[in-house]
Amino acid sequence: MFTLAEVASLNDIQPTYRILKPWWDVFMDYLAVVMLMVAIFAGTMQLTKDQVVCLPVLPSPANSKAHTPPGNADVTTEVPKMETATPQDQNGQTTNDIAFGTSAVTPDIPLQATYSHAESTFPSQETKKEKRDPTGRKTNLDFQQYVFINQMCYHLALPWYSKYFPYLALIHTIILMVSSNFWFKYPKTCSKVEHFVSILGKCFESPWTTKALSETACEDSEENKQRITGAQTLPKHVSTSSDEGSPSASTPMINKTGFKFSAEKPVIEVPSMTILDKKDGEQAKALFEKVRKFRAHVEDSDLIYKLYVVQTLIKTAKFIFILCYTANFVNAISFEHVCKPKVEHLTGYEVFECTHNMAYMLKKLLISYISIICVYGFICLYTLFWLFRIPLKEYSFEKVREESSFSDIPDVKNDFAFLLHMVDQYDQLYSKRFGVFLSEVSENKLREISLNHEWTFEKLRQHVSRNAQDKQELHLFMLSGVPDAVFDLTDLDVLKLELIPEAKIPAKISQMTNLQELHLCHCPAKVEQTAFSFLRDHLRCLHVKFTDVAEIPAWVYLLKNLRELYLIGNLNSENNKMIGLESLRELRHLKILHVKSNLTKVPSNITDVAPHLTKLVIHNDGTKLLVLNSLKKMMNVAELELQNCELERIPHAIFSLSNLQELDLKSNSIRTIEEIISFQHLKRLTCLKLWHNKIVAIPPSITHVKNLESLYFSNNKLESLPVAVFSLQKLRCLDVSYNNISTIPIEIGLLQNLQHLHITGNKVDVLPKQLFKCVKLRTLNLGQNCIASLPEKISQLSQLTQLELKGNCLDRLPAQLGQCRMLKKSGLVVEDQLFDTLPLEVKEALNQDVNVPFANGI
């Protein structure tokens with residue numbers, strides 16, 4: 001047999017789940033325990049004391065003659081009256097006995113013989129027989145026959161509900177218990193509930209929750225202009241229990257001290273007593289991450305809500321079923337029953353009168369059970385009314401938003417909303433504290449505090465370095481925000497912020513008087529009004545790297561004193577079919593615009609800065625640039641770079657740029673440059689870069705571009721150099737590296753102003769003597785060719801500082817290299833074995849590039 005405690009354990013849940021048990025569930029749990037006690041009590045009584053007692057219904061005296069027990073044909077049917085003897089004992093006491101005879105319970109002896117035997121045995125009683133009245137009737141049944149009849153009538157005459165009521169009540173109660181707590185046991189919902197309760201308890205006990213709510217209280221007091229006097233200490237409650245459930249009852253109340261924090265309002269000074277330590281901050285940040293992931297996981301489905309509705313419907317249907325059939329059996333339970341077991345051949349009687357000793361008790365227990373189940377059912381109906389009266393799959397934190405400064409707490413839905421509704425039935429303070437961890441403002445404030453703890457002024461100072469321009473530079477990468485101490489580095493020149501999505505630039509940036517360059521790499525920084533005013537007046541160079549054009553901060557287009565703007569990102573993605581740059585009209589002093597993107601046309605907004613723009617760079621990452629009409633309006637552009645734009649010819653719009661000085665068309669698909677003759681109208685053009693294309697020949701018309709000083713044709717498919725190139729008397733730099741050129745024309749000697757010649761990666765085998773007439777050469781790169789010997793006239797290049805010979809067929813170097821006084825070992829690129837062929841004094845002269853300056857100093 002089981003105990004009450006063992007069965008009641010079906011109704012037990014983890015103590016931490018009690019926050020998800022509204023009052024009706026708790027009440028129904030107690031009612032289920034009472035019903036369980038009724039069922040077990042009734043079952044115990046029935047097993048121990050349930051009994052049916054039956055007596056045969058004897059024929060009446062008037063009909064006794066017609067009654068003859070089977071098997072005794074000679075038995076007299078007259079039922080004699082029972083005699084009572086009252087003999088006196090020796091002490092004078094009188095006893096009353098009923099004279100049944102010794103054969104009264106012997107069915108095989110005829111009644112007449114029994115009476116005759118009695119008369120012969122007790123002759124003295126015969127004279128008193130007529131004077132006494134009969135007090136009972138004989139049945140002639142044996143004890144075993146009574147037991148047999150009792151068992152037969154218990155199963156035949158007794159209603160089934162009287163026999164099985166305790167067991168049915170027990171089964172029904174167990175089903176109700178299981179139905180009430182099934183959502184706590186079902187694996188797919190149990191895991192979510194367990195996770196939710198764990199997070200909820202941690203959020204309730206978190207010092208950050210206490211701090212945040214304290215800030216809210218402080219803000220309310222500020223708004224109401226209520227002065228708080230006295231220094232009150234905000235207690236910080238940290239749970240040391242291993243249980244991750246609901247918070248302890250000893251959680252301290254929240255004092256109205258701290259600082260005011262609002263997403264839209266300035267933050268007042270933070271008292272040191274409310275600052276979280278590093279451990280508390282890390283725990284709070286972990287909670288924000290857990291809440292975010294849990295919300296994303298639970299909001300996807302409404303399984304918990306549906307399961308709770310289903311189990312409530314099951315309990316309601318169970319209540320209706322129990323009430324319907326039990327009400328019909330209340331009157332069926334009675335004390336007396338008539339039994340006709342059809343065992344006349346065994347007992348001699350056909351009808352028996354029986355009594356059920358547990359009838360009154362069972363009837364009272366049944367009425368009690370029905371009363372309890374009615375109360376249980378009404379609560380189920382109320383639960384259904386509550387479930388369908390309000391939208392439980394939506395939960396609004398509107399009240400919390402009104403009472404606190406966290407106006408960004410989002411509304412939730414589905415199972416997440418349902419769980420919060422259930423928690424509100426327990427205590428609304430849980431949801432209020434939980435909402436703090438749904439607020440991005442709260443999370444950002446926590447990150448800001450933790451960030452300022454970690455990145456102190458001293459630590460930031462250690463990360464300051466000097467860049468190639470000898471400027472002090474600070475690079476911050478993948479932080480949760482910009483530390484406040486950054487703005488105390490007043491001597492900083494360059495600030496780089498990379499992958500800081502929540503970057504905010506406060507008014508303190510106005511202290512950084514030396515700051516002129518700012519880098520925002522995937523960092524849509526927000527600025528305060530005072531900070532914007534400072535940047536607008538002082539910032540000179542801005543680099544913005546983005547994935548989508550929406551990441552470009554709007555204030556970028558309002559920096560009126562900006563000189564250089566670098567935009568690197570996708571301006572023509574699927575989400576941005578049209579160019580997304582805003583108007584650049586406010587950039588009144590912009591001189592350099594660098595755009596690295598995937599444009600299909602030159603943005604028309606660029607014309608807003610046309611009057612003062614001097615340099616335009618477009619790196620298109622292989623996307624074909626189709627429309628360049630806007631270039632015609634860039635009349636003051638001196639430098640133009642169109643790289644990786646898949647251009648097949650030189651755009652005609654370029655020929656309208658009368659002030660153009662440098663043109664770079666690197667990494668396109670240009671094959672012919674017949675339009676080069678049009679460059680003669682660009683009187684100021686001095687540098688032409690057509691490198692990394694597919695050009696197979698340089699047209700003779702290049703001779704008309706007489707002002708060219710630099711010409712780059714490297715990484716093309718040139719097989720020869722036309723004589724016209726050498727008519728450019730102002731040419732100072734000629735780069736034809738990595739082509740298929742096999743000979744250098746002797747006309748190269750005409751380039752008297754040539755200072756840099758690059759022929760690396762060709763098929764040149766002989767160097768013409770006229771080359772060495774270019775006495776102003778400083779750089780001569782001849783590597784990776786087929787040159788077999790270096791002429792001794794190399795000595796004429798007295799200004800040579802760099803000579804590349806590596807990758808040729810040379811077997812020795814001429815000693816005349818020593819006469820190139822400006823050439824040093826660092827500028828000579830050659831194999832080590834070739835360098836060793838030089839005379840010792842030449843090698844020593846070449847090695848003096850390091851020692852000579854120090855020697856002169858000494």
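For all residues, glycine too, the Cβ spot is worked out from N, Cα and C.
If you look up Swiss-Prot, you'll see 1-22 (among others) marked as topological domain 'Cytoplasmic'. Across the topological domain 'Cytoplasmic' (1-22), the prediction's mean pLDDT works out to 65.
Annotation source Swiss-Prot lists topological domain 'Extracellular' at 49-163 (among others).
Among the features that Swiss-Prot reports, compositional bias 'Basic and acidic residues' is placed at 126-137.
Per Swiss-Prot, the feature topological domain 'Cytoplasmic' maps to 183-308 (among others).
Marked as compositional bias 'Polar residues' by Swiss-Prot: 227-251.
Residue counts for the topological domain 'Extracellular' (331-360) by DSSP state, with H, G and I taken as helix and E and B as strand, are 6 helix, 9 strand, 15 coil. Summarising the annotation, Swiss-Prot assigns topological domain 'Extracellular' to 331-360 (among others) and lists similarity to another entry as the type of evidence.
According to Swiss-Prot, the feature topological domain 'Cytoplasmic' maps to 387-858 (among others).
Annotation comment: Swiss-Prot describes 514-534 as repeat 'LRR 1'. For the repeat 'LRR 1' (514-534), the DSSP-based tally of helix, strand and coil residues reads 6 helix, 7 strand, 8 coil.
Sorting the repeat 'LRR 9' (707-728) by DSSP state (H, G, I as helix; E, B as strand; all else coil) yields 5 helix, 3 strand, 14 coil. Sequence annotations record features per position, and here Swiss-Prot assigns repeat 'LRR 9' to 707-728.
Annotation source Swiss-Prot lists repeat 'LRR 11' at 753-774. Outside the repeat 'LRR 11' (753-774) by six or more residues, the chain places 714, 729-747, 780-788, 790-791, 793-794, 796-797, 804 with a CB less than 8 A from a CB of the stretch.
Within the same chain, residues 45-46, 49-58, 69-70, 107, 139-141, 145, 148-150, 152-153, 156-159, 161-162, 366 sit at least 6 positions outside the topological domain 'Extracellular' (331-360) and bring their C-beta atoms closer than 8 Å to a C-beta of that stretch.
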